[in-house]
Amino acid sequence: MSRKEKNCEGVIYIGRLPAQFDEKNLKTLFSQFGTITNLRLSRSPKTGISRHFGFVQFQDPEVAEIAADNLNNYILEGHLLQVRCVPPKDVHPMTFSSKYKITRPFCGTKPAVAASRHKFNEASVETMEKRAKRMVEKLKRQLAELEEWGISFDDIMGDKTEEEEETPQKSKKAKKVKKSKSKGKKVEEVLKKK
């Protein structure tokens, strides 16, 4: 066994982790089996949100196998964990490199994005009124542009005629008469008798 493969012994893959599960929780969960030498939770570099999988390396490969056997298909916060041992030849050399280690729970723009969404969701009444006025003004500008092109909004939507404004009972009869024209005069006569 080469030196590179010896450094990659005892690595397990953990999949389907809950979103709020961080490095500290992962270390707490797996340290009960033995000494952890390396740990990595995969996160999005842009938002810092967990990608729901990670890697843990134990000091002893036997301990890694025991941990994988015990926690595979373990239900954690409604998620069915998928845990398996990774053969040393399949472990990427950059898996536990310092370049990829996260020093804080969230990186990137996550706090700013969450704050802006929170601010938008809890807008005041005045803010909502301002937004509504801007939307109405934009709609008026768009209608004015249509008028310049010679297109009337009423032409697009169509005018309602008296037949369409009838009561629902009369409109049903009108539909029956329209259907009957395609079938012939016999159906019209039957409807008139009723």
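Numbers run from 1 along the shown chain.
Glycine is no exception: its Cβ is also placed from the backbone N, Cα and C atoms.
If you check TrEMBL, you get these features:
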| type | residues | note |
| --- | --- | --- |
| COMPBIAS | 170-184 | compositional bias 'Basic residues' |
| COMPBIAS | 185-194 | compositional bias 'Basic and acidic residues' |
| DOMAIN | 10-88 | domain 'RRM' |
| REGION | 160-194 | region 'Disordered' |
Legend entry - DSSP-assigned states of the domain 'RRM' (10-88) in counts, ordered helix, strand, coil: 20 helix, 31 strand, 28 coil
Inset, instruction - Over the domain 'RRM' (10-88), work out the mean pLDDT and round it to an integer. - result: 93
